[in-house]
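Trainee: Okay, handing you the structure first.
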Amino acid sequence: MLSAGDASVPTFLGDSVDSLEYVVTLGIGTPPVQQTVLIDTGSDLSWVQCAPCNSTQCYPQKDPLFDPSKSSTFAPIPCATDACKALSVDSYDNGCTNGTDGASLCGYAIEYANLAVTTGVYSTETLTLNAGVSVSNFSFGCGSNQHGPYDKFDGLLGLGGAPESLVSQTSSVYGGAFSYCLPPASGGAGFLTLGAPSNNTAGFLFTPMRRLSPELATFYVVTLTGISVGGTALDIPPAVFSKGMIIDSGTVITGLPKTAYAALRTAFQSAMSQYPLLPPSENGLDTCYNFTGNSSVTVPKVALTFSGGTTVDLSVPSGVLVEGCLAFRGESSDSSGGIIGNVNQRTLELLYDSGRGSVGFRAGAC
C-alpha cells in the first residue's frame with residue numbers, strides 16, 4: 001500500500017492565503033497533481049475539490065483543480081460496498097449518487113463545526129506525500145459542492161482517529177502514530193510525519209490520551225489539570241477540566257471552560273497592564289492590546305499542565321498571542337470541555353500515539 005521512505009512533508013501557516021490555519025502540499029492522482037490542504041486532527045475524511053466544478057459550487061483555488069478523468073488510478077467507490085456503508089458510522093454518508101455512466105456511486109457529505117460543507121463522491125486514488133512515499137487506494141472525497149469558511153484551500157487532510165483518516169488508513173505501516181510541528185507566524189516550515197520517532201522519544205513529555213466516548217473515535221482528548229501565568233499557578237478547581245480537552249490542529253483559538261478562562265484572563269491582563277487594552281477583536285477575542293510605539297513587548301509565560309504532571313510551556317509570544325490578542329476564549333459553561341487550538345501548539349512537536357495511548361510534547365521543534 002505504501003512505498004518505502006520517510007513519510008514526512010513540510011507544514012506551513014496559511015498566511016499566503018490570509019489564513020491562520022496550517023497546510024501541507026500533497027500530490028493526488030497519477031500523474032500527481034499538487035493540492036494544498038488544511039491539516040485537521042479534528043476530522044477524518046480527506047477531500048479535494050474535483051473538476052468539473054463551477055464557481056457557484058467550488059471555491060476559487062490557486063492550484064489547478066484535480067481532474068479525476070486525467071488520472072490513471074482514480075476509482076469512484078460503488079454505493080453498495082462495505083466501504084460506502086461504513087461512512088454512516090461516522091456520519092459522513094450522503095446516500096447514492098449517479099455517475100456519468102449511470103452507475104450508482106457512494107456519496108459523502110461533511111459539515112464542520114464552523115459550518116463549512118463539502119459533498120461529492122467517495123473515491124480511491126494514489127496520494128503522494130513526497131517523492132519517496134505514496135499511498136495507493138487512499139479513500140477520499142472527490143468534492144463537487146463546497147461552501148463556507150474553507151474557501152482558502154484546495155481541500156482538507158483528515159488526521160482524526162476514525163477509519164476514514166489518513167492515520168487509520170496507513171496504520172498497518174505506521175501503527176496509528178504521527179507527529180507534527182506547526183511553525184510560528186513569522187514564517188519557516190514545520191513538518192507532518194507519519195509514524196512515531198523510530199530512534200527514541202527523548203525530549204518529549206507525555207500525557208495519557210483518552211476518547212470522548214467509545215463511539216467518537218475521531219477526537220484526541222487530553223486532560224488539562226492546571227494553567228499558570230508567569231510561573232504562578234491559577235486557582236482553578238480541578239473539576240472544571242473533567243470533561244477533557246480535544247487537541248485540534250484545525251481550530252485556531254483555544255476554547256477553555258468558562259471558569260478556567262476567567263482566571264486566565266484576569267491573570268494575563270494583570271501581567272500585561274502596562275499595555276493599553278483594545279476593544280474585542282472581530283473574531284470575539286476579548287484580551288487584545290495596542291503595541292504601537294513599543295520596540296519590544298514582554299509577554300508572560302503561559303504553561304498548561306496535563307494529567308500525569310506534564311507541564312508544557314507555550315511558545316512566547318507566538319503560542320500565546322495571535323494578531324495582538326490572547327489566543328484563548330471562554331466556552332459558555334464548564335460542562336462542555338474545551339479545545340486546544342493550533343496557536344497554542346506552535347513550535348511544539350505533538351506526537352499522537354494511539355497505540356500507546358499517549359500524546360507527547362517536545363519544545364522548540366520548528
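From the backbone N, Cα and C atoms, a Cβ is placed for every residue, glycine too.
Below are the features listed in TrEMBL for this protein:
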- ASP40: active site (ACT_SITE)
- ASP248: active site (ACT_SITE)
- 22-362: domain 'Peptidase A1' (DOMAIN)
Trainee: In whole Å, how far is ASP40 (active site) from ASP248 (active site) when you measure between their Cα atoms?
Mentor: 7
Trainee: Does ASP40 (active site) have same-chain partners at least 6 apart in sequence with Cβ under 8 Å from its own Cβ, and which are they?
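Mentor: ASP40 (active site) has long-range Cβ partners LEU156, LEU157, GLY158, LEU159, GLY160, ASP248, SER249, GLY250.
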Trainee: Count the other Cβ atoms sitting within 10 Å of the Cβ of ASP248 (active site), across every protein chain shown.
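Mentor: Its Cβ has 24 other Cβ atoms within 10 Å.
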Trainee: Report the mean pLDDT of the predicted model across the domain 'Peptidase A1' (22-362), rounded to a whole number.
Mentor: 93
